[in-house]
Structures are given as C-alpha cells and as structure tokens.
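In what follows, a single structure is set out as structure tokens and then discussed.
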Amino acid sequence: MDYCNNVFTFLGLETFQSHCCLWRVRKVSLSLCLQENPYLCSDECDASNPDLAHPPQLMQDRERSGLITYWQTVTWRRYPEPLQANISLSWNKTLELTDDIQITFEYGRPTVMVLEKSLNFGRTWQPYQYYADDCVDAFNMAPRRARDLTAANVTRVICTEQYSRWVGSKNEKVVRFEVRSRFAIFAGPRLLDMEGLYTRMESMKGLRDFFTFTNLRLRLLRPALGGTYVQRDNLLKYFYAISNVEVLARCKCNLHASQCLYVDGNLQCQCEHNTTGQDCQRCKKGFKAKTWKSGSYLPTPNGSPNTCEYGSAGNCECNGHSNRCSYIDFLNIVTCVSCKHNTRGQNCEHCRMGFYKNTSAEPDDENVCIECNCNTMGSLHDRCNGTGFCQCKESTTGVKCDDCLPGYYWKQGCFPNVCDDELLLCQNGGTCVQNQRCSCPPDFKGVLCQQSRCEGGKKCNSASALTLSLALLLCPLLATLLGSAAS
C-alpha cells in the first residue's frame, strides 16, 4: 500500500502585486482598526526589518510559544485596481489527498478565491473549488456545500459561500477543501466503511483521479472586506495574510510501495512488486511477462499487489504491450505478435492507424496511444498526425475537424454561408438565421429576400397594395417636379 506522507512543503509563490513585506523596503503602518472590523488589524509591516517582515516562508514554518507568523501582501492602496495574488505549491511528485486541505488566513478570509490543481507539474491547471461571498455574482454558479454532494456528483467542481462571508468573528480563519465529506459519501459519516470507499475507488471512473494532483494553486481574487463596502479613505486595512497551508496527502505509488522518501531533494516511491519509475508506474526490465497494472485495494484488508512477473520470452521486447513474439527466419528478426493498447510494430513501439503517441507517457504505459477522434463529417479520414491534428476537408478546420472556416456554417459538415451580417446581407428587412437562410417579411421571397411576392400578377396584401398605389400616384408628381427643375 502507498506510504501516507503528510505534506506541508511550500515551494513556489507568484503574485500579481508586489509583497510589501517581501520585496518592498518600505514601512507601512496597518494599525487602522475600525470598531466594526476588529479582525482587520495588523501590526507594522517592514521588509527591511526581519522582525516585522512577512515573507512566504512564514506560511509553512513551525510556530513556537503561541506566536503566529504569517505571509502578507501589499495593501489595497491602488484600488480600484484588483488586489490579486497566486500561491503555487509544488512537490515534483504525484500525490493523493487523504484529508482536508486547510488554509489559515489572518485578518480575514478572502471574499473571492479559487483553489486549482495540476496533474502535469504546473503546465496546465483546472479548478478544484470556487469560494465567494456571492457565487452567482463572482462565478455565475449556484452555491453548494460539499456535504450536499452525492455519489452521482461527488467529483463535481462546486462554488461554496461557507468560507467567504463575513461572520464578525476573529476565530473564523480557516478555509477548507473538504476531502473527508466526499469520502463520507461512501464510507459513512465516521469513515468506518472503508471497504465501501475502496470499492468505489476501484470501480468509479475518475474518482481516484479527482483526489490526485502534482501541484496546487490558490488564486486570491478579492480580500476580506469586513462585511462592508470598500472604504476608499482606509485602503490600508485590505490585504491578504496566510499563517498556515496544510495539505494532508500521500505519494501516489500505484499501491506498489510501502514507503515514499526524499531522495536528492525529491519525493520518491520505494517501489516493490518488480516495478519502477517515480510513481512505480511500469514494470522493471525483464519483468514484463504481463502488462503492468496498478495495485488494488481489494480484497480488503490487504488488497492485491498485481506483481510484475519475470518475462520468459527470450529476446522479445514489446514494451509491455504483448507477451508473445515470433522469429522471422528470412529477415533474421524477432517481432512482437498481437500488440495491445492500440500499438503496433516490431516492438509494439508505434501506434495503430487512428491513434497518435502520448509523448508524456512512458513507452510501456497502456495509455501511450491516444485515439485521434477525428470528426467523420469534417475530416478526410480517421487518421491524425503525431500531435493529434486530423486532416480536414476543404472549408473545415480545428484539431478534430469539427469547426468551419470563416464564410461557412456547420451542419453535418461545413457549407458556404447563405447569408451573414457583412457581405451576404438579407434584403428588405429580412434577418439571417444561423448563416443558413434569410427569414423574409411576408411580402418578399428569394434567397436574400430580394424578390417581391407582388411580381408576376400575384395578389398582394392591402399594405403592399397601398404602398404600390402611393408610388403610382407620386410618379406623375415627381415627373412634373423633375421637368420644372430641368427648365
């Protein structure tokens, strides 16, 4: 089983604004406490004085003798320019949450913030949870609580107002990402039915991945306001201050390690079961008689190791995608037979047609080949290049050929616009409907509503007849006026 390792390491900080107590050598007095906002108070912040500075390291130091230390940003003196900061935490290792994430704020919790996670060491990010005093206003999301989630939507990304509204208490400091509440959906409120949780971890797609991450990031978007509107004459009282970030997690070792240790400054699984890799994610060389599999929680309490077995296929090297190989006499080579996981080639090193290689995966990863998923209506075939781009038909574009070039609209493929708001304008008051047709007034017809229905001896309605009659009456008058002007 994976080694449970509590993680408190703070390794990165990035901000949109400078930190008065980190880079700015400037003394700022923050003893401007209002009677109605007693928790929005601070002592002096001076980056030039170590005793009064508030650098990022104070978010993860060990506090002694009851003295609270904290990191602090600049104040909101540039209001209405947003006061925002990003706090990035990285471990250079894939981890799995085992308990709630807790962030302790001093002098008020933010009114708007986002917790994000990365699964690829910070290259891309996805939201974990939104926090706001008004979720609809801040993120256009209905407010929810983790305890209201069910088995059907346990991995839903929610917005909560529980930790952002002003409560008037200096003791309300903590913001949580509730992991235990989600575990309790399957294990019961006291987490006694762990077999139920482990069974769901094995069977429910995406559940285990939901608690997996390589990096975390806090996006602080609006500071505490103390239950009031921003007071422009007292902007020094608005800032962010964090005294502790607590992340309870364990190394992800795919249940192939009982220990996870620091090796050369990095967390490293001590792999067992003939596995190797930072996450024990592949079989050792020579132990590929069967495809690598993650260990299993089931059956409880000991689980199943899914040990990599010693390969006895001689010189057969199939990157773990086949157990069989064949010697071709006239070519004097050994080639793999029946490659799995959508691979092909002498050593199962290439991807089948309709798939492309996942460059971030190891050669023996069962997900090394990704399906192209070309749109059949917009692509010439189901094959793509090495980066996943499909070959599109004329007038079609997009990675999967599911979008149209300008001047075309999508309808089971791309077709030239019948009308638009630039060149192909609907005439006589007609309106263009999704670039596919003109919606014409009752008295006009044609592709662009350019033809009157009165033409050809057809009967017009009274309004059209009246218009035509007026035009006929005005014609002699207009001719007379033109003649007079000419003479």
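Note: Cβ is positioned from N, Cα and C throughout, glycine not excepted.
Residues or ranges marked as domain 'Laminin N-terminal' by TrEMBL: 1-250. Annotated domain 'Laminin EGF-like' per TrEMBL: 372-416, in sequence order. Annotated disulfide bond per TrEMBL: CYS372-CYS384, CYS392-CYS401, CYS440-CYS449, in sequence order. Residues annotated as domain 'EGF-like' in TrEMBL: 415-450.
On the structure: features taken from TrEMBL.
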| residue | record | Cβ contacts under 8 Å, 6 or more apart |
| --- | --- | --- |
| CYS372 | disulfide bond | GLY354, PHE355, TYR356, ASP382, ARG383, CYS384, GLY388, CYS390, LYS400 |
| CYS392 | disulfide bond | GLY378, SER379, LEU380, GLY398, CYS401 |
| CYS440 | disulfide bond | CYS426, ASN428, GLY430, GLY446, CYS449 |
**Q.** Cβ neighbour count within 10 Å of CYS449 (disulfide bond)
**A.** 23
Q.
For a quick check of packing: other C-beta atoms within 10 Å of the C-beta of CYS401 (disulfide bond), how many?
A. 24
Q: Mind giving me a neighbour count for CYS384 (disulfide bond)? Other Cβ atoms within 10 Å of its Cβ, every protein chain shown.
A: 24
